[in-house]
Amino acid sequence: MSGTLVLVRHGQSEWNKRNLFTGWKDPDLTELGVSEAKAAGQRLKAAGHRFDIGFTSLLVRAQRTMTLMLAEIGQSDLPVTENIALNERAYGDLAGLDKDEAKKNWGEEQVHQWRRSYDVPPPNGESLKDTGARVWPYYYHTIQPHVLRGETVIVSAHGNTLRAMVMALEGMTPEEILGYEIATGVPIVYRINPDSTIGDKTVLKA
Ligand SMILES: O=C(O)[C@@H](CO)OP(=O)(O)O
């Protein structure tokens, strides 16, 4: 029996709106972020998903997105595990800086490398590879066993932790992940076969 894995990036945060590097900082959702989370829940409900377990990070934007989605689905009592492994990539010295200011200071190409490359870490922060080094074991040891048992699993996390997960799930190369973006509040639904291959993928856009 195949299992289902749903990945959702949190709704817009205060710092997404202000264009600031966020990482492990802990801003809340904006009003738009709250609506995005509710809309994601409504789309999951309309697609008929009922969850067996949820996973999220220690950061309020991902936790609140999970709570808002589950309320829409009518599953506010779902067991949800919170783990630091799903926290956003640590942005080091960039956390709290304006993304456009950073481009002016260090140049567009350098900032793009820090934000989207596989293995170039921002100063004192994590590269995507470093982030993957904590996300992948957590996925394979803790999340995937539920999916392979045929359960339906929801993960509410962050742009770069989800990029790391998608990279592993889809077998993307470092070049392919460079151009891959994950939108806020748009569920990505994978049906996963018992041998861990992907059956199909659906993106629940508005
Ligand atoms: O600031 C951050 O933590 C992330 C996600 O918003 O930014 P980006 O991946 O776009 O560099």
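Residue numbers in this text run from 1 along the chain shown.
Keep in mind that glycine also has a Cβ here, set from the backbone N, Cα and C atoms.
Automated prediction, rather than curation, is the source of TrEMBL annotations.
Shown in sequence order, Leu29, Gly33, Ala37, Leu59, Arg61, Ala62, Arg64, Thr65, Ser156, Ala157, His158, Thr184, Gly185 are the residues of the chain, 6+ apart in sequence, with a C-beta less than 8 angstroms from the C-beta of His10 (active site, tele-phosphohistidine intermediate). His10 (active site, tele-phosphohistidine intermediate) falls within neither a helix nor a strand when secondary structure is assigned with DSSP, and so counts as coil. Among the features that TrEMBL reports, active site, tele-phosphohistidine intermediate is placed at His10.
Taking Cβ-Cβ distances under 8 Å and a sequence gap of 6 or more within the same chain, the neighbours of Glu88 (active site, proton donor/acceptor) are Thr22, Gly23, Trp24, Ser57, Leu59, Ala157, His158, Gly159, Asn160, Thr161. The secondary structure of Glu88 (active site, proton donor/acceptor), as reduced to three states from DSSP, is coil rather than helix or strand. The active site, proton donor/acceptor annotation in TrEMBL covers Glu88.
The annotation substrate binding site is assigned in TrEMBL to 9-16, 22-23, Arg61, 88-91, Lys99, 115-116, 159-160.
DSSP assigns His158 (site 'Transition state stabilizer') to coil in the three-state reduction, outside any helix or strand. Annotation source TrEMBL lists site 'Transition state stabilizer' at His158.
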Number of other Cβ atoms within 10 Å of the Cβ of Gly23 (substrate binding site) across all protein chains: 22
CB contacts for Arg89 (substrate binding site) [other CB atoms within 10 A, all chains]: 28
